[in-house]
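Engineer: When I checked TrEMBL for this same protein, it listed these features:
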DOMAIN    94-181  domain 'Phosphatidylserine Lipase ABHD16 N-terminal'
DOMAIN    295-435  domain 'AB hydrolase-1'
């Protein structure tokens, strides 16, 4: 990595490395640059000294000279402390200071008001403070511009970026050597260019009400709207918070560097139909791995980023992989409302099909936690998708939201969720006809309504609802009760239940193959109409074992690559005859 004297400190990234320089932490040649780079303290002191000489040669008003002297003393003090190892002013610290100040503004604002600082006679003092800050900002921007103009690394990067805007294909290998603010990355796929946009499903659920009820509910609807569009969506998707992203910035950069340097990833910028930019990472391994012909599109959790998220699991399993960040996460723009989530995953799939050349039937969807929503929508919209794997997810966000909020807010929470953040994974997944694998975390502290109670894991509810849709004849009350009993335990206790009911995999598979060969593979299947209660119990337990895998871990532990697999499906030979 370059030394502090060589780096142009940035507001959101760092400066370019030459091709021969190495990163001390990563051992890689992946370079970092920021299009909003600012100078080091030593550079600022040099520029301030030049400015002082200039001002001395001119007759300037006293108040301007005094303000400049104050600024010079301030910068010299910072430089002295920095040279003596006492402190280091970084973009992260400045950003955190700004965010903390903004978040605590009601407190210190009230304190200043109580002390009379907002009275008319105090306005000159406030104006002086504002002027001082303004002068510092103006001089800083001027110094930054001068430093950029004289920095060869930045000028080289700027030349590459300008050429990339005209010819991204030819220039991309050079551009991939730099990491900079993603807003300056050229758009490489614009979904608005697609002639047949994918129809979108509305996230809003209309509940029939009378005229009087509609009038009475107006205040609650207004409150629900304001709540979800201020703090609500940030509670559902905390990864959109700037403070969290600032804390994770170094980790995200390191993870992105690893994907590019170690796994030969390619970064892309996609534009959705609603104008959001989606930060995307592609690892095309079709020519180098046995599983490379299958593309796995990963959808992260509510505080997950592809740089440090689920993509590593299918990567280690040898698949081609696409990782992308939710709207408002990392380099992606927008906010993760349901409609924007739908547009984002739609852009990723269209990009995989139209630009990368993957066939729909060779695409798998992998979602973790709330990423199951984007997966379920994509599976519903693209029913020919090869298969779906969902890890540590839920059937519907409503029960989880109600369990975390005070009971007296229940009516507002329901309105806010159903009208503005209706993340009903089951409702969408039920319309997908392909293979599904659910991975349940047996120590999940997030998806369980009651901590430590496996029976309250909402993944259980998702499985039962899927069975009721796909195999209605085998989901009568006794079988549902048996499923609840089976799903309330794990490991050895589940094995005992399977032994108790004498589950024979070969017989159950043959029964399914016989039904499919005689009728079809479409859902809902009518299999089980003529089964005895015992046969129904055996079949439903067999299906539960195939549809769900247990992983002994908490919610945020990375899924091992050997647990990731193509979901189970019934394969029927053309000449199959059940005996």
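From the backbone N, Cα and C atoms, a Cβ is placed for every residue, glycine too.
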Engineer: According to DSSP, how is the domain 'Phosphatidylserine Lipase ABHD16 N-terminal' (94-181) divided among helix, strand and coil residues?
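Structural biologist: Split by secondary structure, the domain 'Phosphatidylserine Lipase ABHD16 N-terminal' (94-181) comes out as 74 helix, 0 strand, 14 coil.
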Engineer: Can you give the mean pLDDT for the domain 'Phosphatidylserine Lipase ABHD16 N-terminal' (94-181), rounded to a whole number?
Structural biologist: 85
Engineer: Could you break down the residues of the domain 'AB hydrolase-1' (295-435) into DSSP helix, strand and coil, giving a count for each?
Structural biologist: 66 helix, 21 strand, 54 coil
